[in-house]
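J.: Encoded as structure tokens, here's the structure I'll be asking about.
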């Protein structure tokens, strides 16, 4: 698969043809780029014209990205519909308050509170999308300005914990894609943080460094995409567009593929070789009889052992830093010509490899290691002593670089003369491989990434989502953006020992990071092997180093909240920094996502629980300072408070139970016709708004529909669990939401690829949604039985019909959940429909039978009429809140 040629209609002022970069929201070659697209129009043309009319002044630096806004043809109706719907919701709430139901005031007040809450959350969600902006980087201008030696350094952080739950092959592919990316080898460094201190990861990284000596020059020579070998060899071959002859390319490709298969075999063998090596060693035991896990040279591994022992188990082990690949030097180094022992010709290829470092921070009992945030902060300090690049990229271990131009694209925003200095981070969307074709559990989450984040891009910038993000190092250190920084503030003022710890070598790197905007510093290149230097590196990742400092609070990634990503981005925005959103075609990065229902729900539980932790902490968006823009504050309030909707959603979904215990009394807002008219209007308008949003965001109806369905799935179970957990945490002092590593599975053949989709892992998280489904199925069956028995008045028929529509709609929204708990039977969706029909029929038959028995002896009790009011007071806005 060769590097894709530039799209014919790629966006850009200079008709540049940088391979791999096209309009963020349009397929390559689709419609002449963003500037000519009918939904997006340039927003910075006047600024560019003014810059061209310099009036004899020195020419201003060129703009490194273009800004586009939604055309007024779509944007004005979108805003108007939002305003009209807001007015309709206000009028509806006022009408409901005026027409009170005195027969069931307690339930009426609950429904009023629910409708008000849903109206507020819808407004919070919608307000941040009223000014969507997309920005398209110009790579050709970046190359002309900085490829002569001015490109800044980039440190890349990769995080992993378990080589089984997070397959090591994914992690090593991520590293290979980073080493091979289209960026000068002497200007970027890769750091693997192994929070499990596994010898398998360490030796796997050794194998990866060896294979990289072949893979990286091959990628540079033939300009292949993507540069993660697993994805590259799995993709369908595209026409070759590299500089070599096709025959040479295909010969090289066969050799590299064979070497890659051997590399994978060596990785797999580590899981048997390491235990066998340790078992075979004579006298291999510590004083307590535990067998040590041995490295290849026979010495005990300082990290975790296969047989846990004191100081060698999870949560208790020494810190480890190993430099796998040292600094390559600044001058290109050409490879060897083809020979009998080296069949690939690299004589015209720069074969240098970037710095590669293995890190396992120290862990000891009695210390809270702060999970991913703690690991990232340790990487931040270690990298400062070894490479100290001014910019940092972070990846999860299951993500890889899919577009080798991604680093350059992010720098277009960081180095632009308009807002570059005030930009703290550039966020890329998350895209995933091996998600089922219908995206049953909304893993792609396109409504959030392609609509909500584009909306925030027009305010202060998108939120940080945990991976695929470039940071400015000094912003993470807690510095203020230049526009908020006093003129007499020197970068050296950042280096306060009480704030950053007692390592003076580390503190001395902070001013250097603040001042190096265009060149990489490699202070450790000549001293990586010196004992004192490495001792200092080990010191900054000890457990006690952060005691009495601001790490995890005002410095680095934020601690004590499960969603450390969102709260860290919020801290930067609160200080006045901006962020930028960058989507590319082809996608900049791709990763894996949980396609099993239970794993996906646990992932959502961590997100929703962490959001509530943030809302009820001192990082609450409502308490932020004046530097946070009002609309950005609104967006963060929406991101952190949305799980509360579950309280009202569950009440609405369980109304049939309420009426079963309420003697069959039927209450609905009167006058009925006016109520239904309002209800239809407010729901219909949100559907129309959604259709307009689909147009400008480049979504599909399936994307939008899956978002609606999974919001209901989350609200009936996971969000409720998050709310209850936070309540218990406040009342009983429980710990925060427990971090559960989302297990990933290696993709197998066609039969195994989606095997996890059909596995049922029963968990308490499934129970609430199962109950909601059962209640609504029972309501439908009981209503059918009541219809057979007869005895309804016309008014009751109208009310029951409205209730049945609601019951059916709840089941339609929970359809993906129902498939998930059916396991392998979900391969035949018709079985689900047959099961639901049979369940409703069974309930109806039971209702009729009980009614007949009781009617034969005496009058039927009042509770048999409960089904007529199964959903008596319908929620007016029960599905107005989008996103999760």
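Any Cβ shown, glycine's included, is placed from N, Cα and C.
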J.: Would you please say which range out of 739-759, 802-822 has the annotation transmembrane segment in Swiss-Prot?
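T.: Residues 802-822 are the ones Swiss-Prot records as transmembrane segment.
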J.: Could you check which of 603-623, 708-728 is flagged in Swiss-Prot as transmembrane segment?
T.: 708-728
J.: Per Swiss-Prot, which of 578-598, 830-850 is transmembrane segment?
T.: 830-850
J.: Give the range, chosen from 52-72, 73-93, 136-156, that Swiss-Prot lists as transmembrane segment.
T.: 73-93
J.: Of 546-566, 672-692, which span is tagged transmembrane segment by Swiss-Prot?
T.: 672-692
J.: Looking at the stretches 104-124, 672-692, 765-785, 830-850, which one shares the most CB pairs under 8 Å with the transmembrane segment (708-728)?
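T.: Comparing 104-124, 672-692, 765-785, 830-850 against the transmembrane segment (708-728), the winner is 765-785.
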J.: With Cβ-Cβ distances below 8 Å as the criterion, list the same-chain residues six or more beyond the ends of the transmembrane segment (73-93) that contact it, or say none.
T.: 38-39, 112, 115-116, 119, 122-123, 126, 130, 132, 678, 681-682, 685-686, 688-689, 692-693, 695-696, 876-877
J.: What else in the chain is close to the transmembrane segment (830-850), if you only count residues 6 or more beyond its ends and a Cβ gap under 8 Å?
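T.: Those are 777-778, 780-782, 784-786, 788-789, 811, 815, 818-819, 822, 864, 867, in sequence order.
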J.: May I ask for the distance between residue 396 (substrate binding site) and residue 195 (active site), taken between their Cα atoms and rounded to an integer number of Å?
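T.: About 12 Å separates the two Cα atoms.
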J.: Measuring CB to CB from residue 195 (active site), give everything in the same chain under 8 Å that is also at least six residues away in sequence.
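T.: Within the chain, residue 195 (active site) has Cβ neighbours under 8 Å at 159, 160, 161, 360, 361, 369, 371, 372, 375.
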J.: Mind giving me a neighbour count for residue 565 (active site)? Other Cβ atoms within 10 Å of its Cβ, every protein chain shown.
T.: 24
J.: For residue 396 (substrate binding site), name the DSSP secondary structure in the helix/strand/coil scheme.
T.: strand
